[in-house]
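What TrEMBL annotates here:
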{"type": "BINDING", "residues": "G11, S12, G13, K14, S15, T16", "note": "ATP binding site"}
Amino acid sequence: MKVIGLTGGIGSGKSTFCELMAEHGIATVDTDQISRQVVAPNSAGLAQVVKEFGVEILNSDDSLNRAALREKIFADPLDQSARQKLEMILHPLIQAETQKQIQDYQQDESYQAPYLLVAIPLLVEGILKKGHKPDYVDEIWVLDCSEETQIQRASQRDGVNLENIKNILEHQASREQRQSYADKIIHNDGDLAKLNQQIKRFFSPTKAKSH
Ligand code: ATP
């Protein structure tokens, strides 16, 4: 089983791709979901984040207000320190849980699929910072589309304001940087049928059946 680090910028189609791959029996370890899990209400992770950023990043039910936190992180585009502090709290927690979930699949004899996807939105940013990919990733697959498509899809999906999306885009790796680390590029400027066509190719039999 190959462990695939799946990445792509905001709104590039990572979740959509994983859903389509699930129809072929391919599971996903979702690091976005893990990043929420490690700051769930009453978690040690959330307590650390509140200590750093204040109670105003909590909703009234004590869950994390991600929009409020994001505003703090991206408030000043030139100041990376808040983002770095957050990463220093969250990364070790996310890393440990991600590795645990991958191991669970590796040890699960009922999981016989050729791939396990590990969706890591900031995979390339991490490589640029550390100089190497995570040990547990065998290949890097990149969801790729134009920035216009990213902005259009992300804003339609979330109703996030355009400035915020552009701000996030500026802080993410460029399209070219992602492409340069890709073992496979999945093109997602087209419709869902086009995306599906590429996926089917991963599973098309190498030999045609002879009758
Ligand atoms: P993020 O990192 O921001 O969470 P993502 O990379 O997981 O985003 P998706 O949520 O899969 O991206 O896609 C963004 C939006 O674009 C969704 O509303 C999704 O339904 C839509 N979308 C993705 N791919 C396509 C496509 N090929 N055709 C039409 N809509 C698409």
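Placement of Cβ uses the backbone N, Cα and C atoms for every residue, glycine included.
Feature map: annotations from TrEMBL on the structure.
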residue	record	Cβ contacts under 8 Å, 6 or more apart
G11	ATP binding site	T149, Q150, I151, Q152, R153, A154, S155, R157, I165
S12	ATP binding site	L143, D144, C145, Q150, N188
G13	ATP binding site	L143, C145, R153, I186, N188, L195
K14	ATP binding site	L6, T7, G8, A119, P121, L143
S15	ATP binding site	A119
T16	ATP binding site	N188, L192, L195
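Listed in sequence order, the residues G8, F17, L143, R153, N188 complete the 8 Å Cβ shell around the ATP site centroid, once G11, S12, G13, K14, S15, T16 themselves are left out.
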